[in-house]
Amino acid sequence: MLKNDSQSVEHLLGAEKKAEERVNQARKRKHLRLRQAKEEAHAEIEQLQQEREKEFKEYGAKINRNCGHTPSSVLQERPRDIQEKCNNFSSRHDVKGVMCNSSFLRRCVGAWLFASCIAVVISDCPFPKKKLAHGRVIYEASEHVKRTMAPENYLLRYKCSLGYTLKGSKSVACVGNKWTDKVPTCLKMVCSYPPSIQGGNYTLNNGINGVPILGSSAVYSCDTGYEFENSSNTVLSCYLFPNRNAQWKGQIPVCKKKESCTDPGVSKNGSREGECCFIGSVLEYRCYEEYELVGEDKIECLPGSNWSSPRPFCKPKSVHCDRPPRIPHGVTVGEKEGDYYRPEEEVNIHCELGYRYNGVPDHVPCLENGTWGDEFGECTESICDPPEPLNHGTIPEIESSNRTEYPFNFELTYLCNKGFRLIGDSWRFCDTQKWSETNPYCAEILCPDPGVPEHGTRTGENFSIGEKVTFKCFTGYELIGSFERYCKQNGQWSGELARCNNPTNYCPDPGIPINGRKNSSSYEMGDAVSFTCSSKRYPLIGSEVRECLPSREWSGTEAKCIGRFIFYFAFDVSGSIRKINFKRSIEFAKAIVKKIGISKDGARAGALTFSSKAETEFLPLDYETTENVVDALDKLNNYTGGGTSANTALSVIREELIPLTQNVLLNKGIKSVVFVLTDGKANMGGDPKEEAKLLKETGAEIYCIGITNTVKRESLHKIASEPHDEHVFILQSYATLSFLIEEITNGTIDYSKCGLGLERVGEIVGRGRIGGGDKVAEPWPWMAALYFITTDFSHRLECGGSIINQNFVLTAAHCLFIKDSLERRSEKDVIVKLGLTNLKNQSSVKEFEVKELFIHPQYQPGDIWDYDIALLQLKRPIEFSALIRPLCLPPAELPPNSTLYRPGQHTVAAGWGHASVVQKNENVGTVIEEQLKEIILPIQSSERCNASAIDNIVNKEIKNKAFTDRMFCGGDGRGINDTCQGDSGGPLMQSQLNDDGYIYWTQVGIVSWGVGCGLPNTYGYYTHVQRLMEWITNTIDSVKINI
C-alpha cells in the first residue's frame, strides 16, 4: 500500500511537471501570438501612415512623424477645416470615443492597442469661384479646374475681355492657408471727361453716374450768340482704339461767335419785336399813343454788322425840342423822358479827354416854346499857357523848350536849388482847363534859432543852409560842446549844444535846450535844475528836473523841447483808395513811429480806419513801445471799400480818443497830432471842414497825407492845420517814403545820403530781363550813362556806371578799352551823363567831363575779365538832387550775418543794354535801348558759377581760369532773363534795411561778362565790389591827398 502510494505521488508530481511545461509552452505560444499581433498592428499602422502621408503631400501638408504626446480621448478645439480632414481621413479606423487632438490625425486599431498619430499643418486653400464676369480665370494647369483645394504657392491669374478693364489684382496666390487678395472684377473701360469748348457745352449720353464708358457719346451745343463752325462735327464717341485704350473719337467741335450788330436799343416811348441782334435779325418798332415814329419801322442786321437803318425815334406830338446837334469830340447827355427833350429838361455837353468845351454854360435847357435856351458850343483841343517860372529852382521841361503852348497831359517837373525846399507838388500836368494843382514854390531852408549860451555870446544871425554861428564864453568860463555850428542841408545844426561852464561847478552846465528855458544856474552836488519849454508847441521830452550827482553827472536824460506827442493815424479805407494805397499809408505810419519812437513817458500812437463809418483799431494807451505799435500797424487789414466819411473819423478822435487819453495820462504837456491819410474825396457824413476846425480848437495839429495819384488837394487844405505847405503832403511827390518822413520831421531832405530812392523795387519779386524786360517805373538816381567818342566825332552810349560820391563814378575796366584794338581810351573820349532815364528826353540830364581815369593795375584787357573795375574822376563835383544821388558801397568786411552776396538772395541790375537773346560768339555790336530797364536776378553759388563757365566757354585755354575770386554770377539759369551788351559797367544792387527801417541800396557787383545773353544754363558774371573795396578806398584817398 505504501509502495503504491509513493508511486502515486511520483506520478502526481510528474503530471504536475508536465502540466507546468504545457502551461509554459502555452504561455510562450500566447506571448508569440501577442508579439505577432503587435507586429502586424504596427505594420498595418505604418502602411496606413505611409498611405496618408502620400495623400497629405498631394495637398501640400507638412508631415511631422514625432507625435510627442500621450494618446488621449479628450476632445480639444480645433479649426473646422482641420477637424473635417481629420474625420475624413481617419473615419475607417477610428475607435468610438477617441478624437484627434488639434493638428493631429490618429490611427486606432483596437481599443487594447496603443494609438499612433501623424502631426500635420494644413496650408492649402479652397479655390475661389470658377468664373469671372466679362473675363476668365487662368489656372496653372487646365485639369486643376476640377479641384476644390489649391496647394501652397499656387497662382491664379485673371484676364478681362476686350473692352473691359481689371479692377483689383491681376493674380492671387495661396499662401499660409489663404489667398493673397480678393477676386478682381472686370469693368467696362471709361474715357476721360469730354473736352470743354469755349462758347459751348455738352450732354453726356449712356454714361454711368456721369462717367463716360465705352459706347457713351458727348453731344455738343453752342451757347446763345455762338454757332458751330462745322455743324457736322457736333458729337464725340467713346471708342476702343487698336491700342486697346478708350478714347474720344471725332473732331472736337468749335463754337464761334455769331456775327452780330450792336443792340440799337428801344425808345422809352415805344416797343420793338424780334430777336436781337445777329446777322439776319429783323427788329420791328412801334410808338405809343401821342408819339409818332421817325425813321424806318423795320431794321435788319446786315453782313458786316451794320443795321440797314438807324433806330427810329418816338417823337412826342406835344411841345419838344429838336435833337441836339452832333458835336465833334464831344457827347450830349441828359435826363430826358424819351428820345427827345421836353421843356425844363436840359442837355449836358461832355468833351473827350484832351478837349474842353468853349460854350458857356456847359448845359443847355429846352424852353417852354420847344427851342434850346442857348447855342451849342464846340469841343476844342486842351492847351495850356506857359507856367509861371520857379524862383530858386528849375522846371527842366520849360528850360529845354521854346514852346508857347503845351498840349494836354504835358508834364512838368519842379526842382529847387540847393538850400531850398519845394512847397507844393513836384509835378504838374496840363489838364482840360489849366495846369493841375496850384503853382508850387521854393522856400529857403532855415535852421531853428540855436540860442545864446548862458555866460557867453553868439556870433551870427543868419540861420540859412551853409551858414555858421560861433560861440564864446565870458572870462572864467569854459566852452562845452561845439564852439562853431553849421546849418546843415537837413535844417538841423551840426555839432552839440554849446554851453559855458564855470570850472568851479561840481557838475558841468547842462545847457539850455533849444526852444526852452532853464530855471537855475547852480550846479553844485545835490542841486536840482528844472527845465521848461518856451511854447506849448514844444512839450518837454526828457527829464523835467535833473539833480547833480556825486559822480559829477546829472541824473535823468537831456531835456529837449520837441514835445510829447500823441499820434492819431486815421486811415481812409474807402473804395476810392484801393488796397495798394492803403498798404502805403500803413508804411507811412510805421515810418513816422520808428522815426519819433514810442515809450511809456514819451510819444504814444493810436489808429482808426474810416469809410462810411469810423472804427478804432487801437488806442494810444494800448502800447508803450515802438515795436508793439509797428506790430499792431502790420496787423491792420480792415480794408472795406465803400463811401468816405472823414467827418466821422475826426469826430471820433475829438469826442472819444483825445479825452480818454488825456484823462488817463493826466494831460501832462500832451500834444495831439492827427495824420489823416486819404485822397480827400469825402462823399458821406458832411463836410469835414467844420469838424476839423473844432478839433484844431482843442490844440490838435492835423496833417493830411494824400496817398493816391488823384488827390483833391483843396479838400485836404480844408482839414489840415496852417500853414498848409507844412501840413499837406502828397505821397506820390516824394521819391521815397523816407524823404517824406524827413520833410515832415526835419523840414528838409538830404539827398547826399547813399542808396535811398527806390523803396518800391525792394518789394518786387521779379521784373523781367533788361533785354525786352520792364521799363523802370522810377528813375535809378545813381545810374550814370557813359558816352564814348566815335569815328565821326559824335558820342555814343556804350556802358553804364554808378555814382558813389560827389567826384567819382564806378564802372567796368573793359569799358575803357576799344573792343577790337584793345586800345585804352583817354579822358577826353568820355562824357558822363547823370539823371538820364529815357534817351529821347534829356531835359533833366547833367553832363560831366572826366578829369582822370583809374583802372585797376591788375586788369589785363583781352579774354580774361579779372579785376574788371575802374573809377572815373569828374572835372566838377556833382550837385545831388531828387534825380541824382549816390549809391552805397559794401563794407570793407562783411558782418557774419550779412545777406550781401549770399546765394539765393535777389539782386537788381539796371541798364540800357541789348534787348534780345544773343547766341554764343555772336557779335551784335552795341545796340542800345531807348528806355532804362531793370531786372531782378538771384545770386548763384561759386561752385555753380565756375561749373557754368567751364561748360559754356568754347576757348579751352581760358575756360578753366575764367572764373576767379573777384567775380560772382547771378541769374535763374532758365534763359531769357539776363544782362547783355550795353549794360556793362552798370551796378548790380542789393536792398537792405537801415536802422530807421528804410530800404537802401548797396552796389555788390559791376556788370562784367557773360556767354551770349539770355541763354539757358548760363549766368551773367559780375565784378565782386566788396573784395576790391581796398583799391577803391585807396584810389579815392590818394586823389584827396593830391588835392
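Every residue, even glycine, has its Cβ placed from backbone N, Cα and C.
So that you can see what the record holds, here are the features copied from TrEMBL:
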type     : residues      : note
COMPBIAS : 13-24         : compositional bias 'Basic and acidic residues'
DISULFID : CYS287-CYS314 : disulfide bond
DISULFID : CYS473-CYS500 : disulfide bond
DOMAIN   : 123-188       : domain 'Sushi'
DOMAIN   : 189-257       : domain 'Sushi'
DOMAIN   : 259-316       : domain 'Sushi'
DOMAIN   : 319-381       : domain 'Sushi'
DOMAIN   : 382-444       : domain 'Sushi'
DOMAIN   : 445-502       : domain 'Sushi'
DOMAIN   : 505-563       : domain 'Sushi'
DOMAIN   : 566-744       : domain 'VWFA'
DOMAIN   : 769-1037      : domain 'Peptidase S1'
REGION   : 1-28          : region 'Disordered'
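Each residue contributes its Cα atom, and for CYS473 (disulfide bond) and CYS314 (disulfide bond) those atoms are 96 Å apart. Contact between the domain 'Sushi' (382-444) and the domain 'VWFA' (566-744) is present: at least three CB pairs lie under 8 Å, with pairs separated by 6 or more positions in sequence. CYS314 (disulfide bond) has a Cβ environment of 23 other Cβ atoms inside 10 Å.
Ranked by Cβ pairs under 8 Å to the domain 'Peptidase S1' (769-1037), the stretches 189-257, 505-563, 566-744 are led by 566-744. Around CYS500 (disulfide bond), the C-beta neighbours below 8 angstroms that are at least 6 residues distant in the chain are PRO453, GLU454, HIS455, GLY456, PHE471, CYS473, PHE474, TYR477, GLU478, LEU479, ILE480, ASP509. DSSP gives CYS314 (disulfide bond) a strand state. According to DSSP, CYS500 (disulfide bond) is assigned to a strand segment. The DSSP secondary structure for CYS287 (disulfide bond) is strand. Remark: secondary structure over the domain 'Sushi' (123-188) totals 5 helix, 29 strand, 32 coil, with classes taken from DSSP.
For the recorded site, CYS473 (disulfide bond), the DSSP three-state label reads strand.
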